[in-house]
Each structure stands twice: as structure tokens, then as C-alpha cells.
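If you check TrEMBL, you get these features:
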REGION    28-68  region 'Disordered'
COMPBIAS  42-51  compositional bias 'Polar residues'
DOMAIN    89-175  domain 'Blue (type 1) copper'
REGION    182-221  region 'Disordered'
COMPBIAS  201-213  compositional bias 'Polar residues'
DOMAIN    240-326  domain 'Blue (type 1) copper'
BINDING   276, 312, 315, 320  Cu cation binding site
């Protein structure tokens with residue numbers, strides 16, 4: 001074969017190879033383009049949507065705010081549903097004349113972050129939780145200031161603007177699915193206490209329950225749940241009250257206790273329901289700052305007969321109240 005023919009065949013072979021490679025590249029490119037048009041597998045729903053649907057299916061019903069927002073500005077009885085959102089914004093200084101939160105009540109998922117954003121209206125504001133779980137600090141008037149808190153425990157968190165609390169600048173955040181509901185409080189059947197008698201009490205020291213007076217100590221415990229009688233510990237030298245009891249953890253257990261003089265009553269925190277304290281209406285005893293940790297104790301020895309009404313300051317609006325009746 002002469003050199004001219006050999007060169008011609010080599011050129012044709014190279015051209016054929018180039019065309020084949022180009023065809024493969026084009027086919028691969030088109031296949032990639034077509035793949036972009038194919039929907040991804042829908043076997044699994046988006047995580048956020050799945051969690052939201054599951055949370056709503058588990059929702060126990062309308063939250064019971066305990067009347068906390070009855071006189072709140074910008075509140076019409078509606079709790080804004082922001083479940084499914086990781087970040088939720090609440091305006092500080094909403095409405096006219098800027099003395100409200102917008103929305104006043106909001107429902108979020110456990111783990112969501114609420115950001116309070118100042119509008120610059122209505123003067124200097126703060127954001128303070130009734131139970132002490134969050135506090136924006138000093139009052140601020142400038143627009144654009146943000147304060148945020150991530151909620152990691154189910155429940156209802158009432159809060160207020162300190163300078164304008166008396167003017168109705170109140171709000172509430174409902175978190176998750178485990179919170180008191182209107183239906184549960186409307187049920188006439190008393191809720192069974194979930195806390196067993198403290199281990200340190202012997203059977204002889206554990207209070208027994210007797211039928212309460214219809215007045216409920218001049219009506220002081222009328223809206224307290226569960227309240228189905230007075231626990232009688234008159235035969236014991238000491239008695240224990242659980243702090244943070246009940247399904248919503250906004251109760252004392254027992255709510256009403258009868259003891260004799262010289263009896264020491266110990267309040268024991270169970271770590272539920274946020275930060276609590278114990279404050280006597282007449283000022284005879286006070287555990288001072290709210291505490292959230294389990295196992296915290298506060299005790300008081302009653303030397304005089306009488307009816308001692310007391311409450312948890314952060315959750316008094318949610319009817320977290322109790323009575324110690326001291327007899328001779």
C-alpha cells in the first residue's frame with residue numbers, strides 16, 4: 001500500500017472515531033438534561049410537612065390561656081397557628097397606639113424560635129415571661145431591635161411588656177402539643193394527679209383526702225384543677241406539696257392541705273411547667289425567685305392556726321394556687 005492511500009485511510013478512521021465520541025457526548029448531555037426534568041422520588045414527604053401534620057394530629061385542642069389575655073390589646077380570642085415554621089416573628093408595639101404584641105397569641109412547634117421585632121411605636125418596650133424563662137432586658141424604643149427565644153418545652157408561656165403591662169400589653173406563646181386545653185378544664189371529672197406521694201413519707205404520714213367545703217375557701221380554689229377535696233395531714237408532723245403537678249404542670253398537689261400547728265410543710269419541685277415559686281397571699285412565707293429545677297425544696301413551719309392562701313407568681317393567672325389550713 002502506497003503512502004498516499006495509507007494516509008487517506010488513517011484520516012477516515014480518525015474522523016469516524018471523532019464522530020462516534022461526539023455522538024456519545026451529545027447523548028450523555030441530553031440524558032443529563034432529561035434527568036433534570038424527571039421529578040424526584042416522592043416516597044418520603046418533606047420532613048417539615050410530615051412533622052407539621054403529625055403535630056396537628058396530636059394537637060389536644062384549643063389552648064386554655066387561663067384568662068391571661070382577656071384584657072390584652074390586639075387579642076380577639078384567636079391563637080395564630082404558626083406550627084410548621086422554624087422561625088416566627090411577633091411585632092412589639094403593634095396596633096394603635098403601639099401598646100400590643102402582634103399577634104398577641106401564637107402557637108408554635110417545640111424547637112421553634114420566636115423573634116420579637118420592635119416597630120418603634122408606643123414608646124419603650126420589653127418582653128418578659130411570667131415564669132422567668134425569657135427576658136429581653138431593659139426597655140427599648142428604637143425600631144428594628146430584635147429579641148429571640150427558642151422554645152424547647154411544651155406548654156403555655158404568658159408574657160408581657162413591663163412598662164405597659166397595666167395597659168394590657170400582654171402576649172402568650174403556645175408550644176407543642178402538651179398544654180392545658182379548654183376541653184380538659186371544662187371536664188367536670190377531676191384530673192388524676194400524676195405524682196405519687198413522695199418516697200420520704202411513710203404511709204402513716206401521707207395525707208388523706210376529705211370532702212371540701214363548697215365555698216372552696218371563699219372561692220380561692222374554685223378554678224383550680226384538680227381540686228376534689230382537702231388532704232388531711234393532721235396526724236403527721238410534716239407534709240409535702242408537689243410544685244408543678246397536674247397534666248399541665250401548673251398546679252400544687254395537693255392544692256388544699258390541712259395540718260396542725262407546729263407542722264412543717266415542704267414544697268418539692270418536680271421540674272415540670274417551667275419556673276415556679278411559692279408566695280403566701282398574706283406575706284407569711286415566700287420562696288422568692290422562681291425556680292425550674294427538680295428537687296428544689298422550700299419549707300415553712302406553721303405556728304398559728306388559720307387559712308393560708310398561696311400561689312405561684314408566674315402562673316397565678318393560670319390558677320396555680322393552693323391553701324394550707326392550720327388547725328389546733
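Each Cβ is built from the backbone N, Cα and C atoms, and glycine gets one as well.
Feature annotations (TrEMBL) mapped to structure.
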| residue | record | DSSP class |
| --- | --- | --- |
| 276 | Cu cation binding site | strand |
| 312 | Cu cation binding site | coil |
| 320 | Cu cation binding site | coil |
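Sitting within 8 Å of the Cβ centre of 276, 312, 315, 320, and not among those site residues for Cu cation, are the Cβ atoms of 131, 243, 244, 250, 251, 252, 273, 277, 290, 311, 313, 314, 316, 318.
Around the Cβ of residue 312 (Cu cation binding site), the same chain contributes 243, 250, 252, 276, 277, 278, 279, 290, 320, 321, each under 8 angstroms and 6 or more positions distant in sequence. Helix, strand and coil counts under DSSP for the domain 'Blue (type 1) copper' (89-175) come to 6 helix, 38 strand, 43 coil. Around the Cβ of residue 320 (Cu cation binding site), 29 further Cβ atoms fall within 10 Å across all displayed protein chains.
In sequence order, 130, 131, 250, 273, 274, 276 constitute the residues six or more apart from residue 315 (Cu cation binding site) in its chain with CB-CB distances below 8 Å. Residues in the domain 'Blue (type 1) copper' (240-326) partition by DSSP class (helix H, G, I; strand E, B; coil) as 6 helix, 44 strand, 37 coil.
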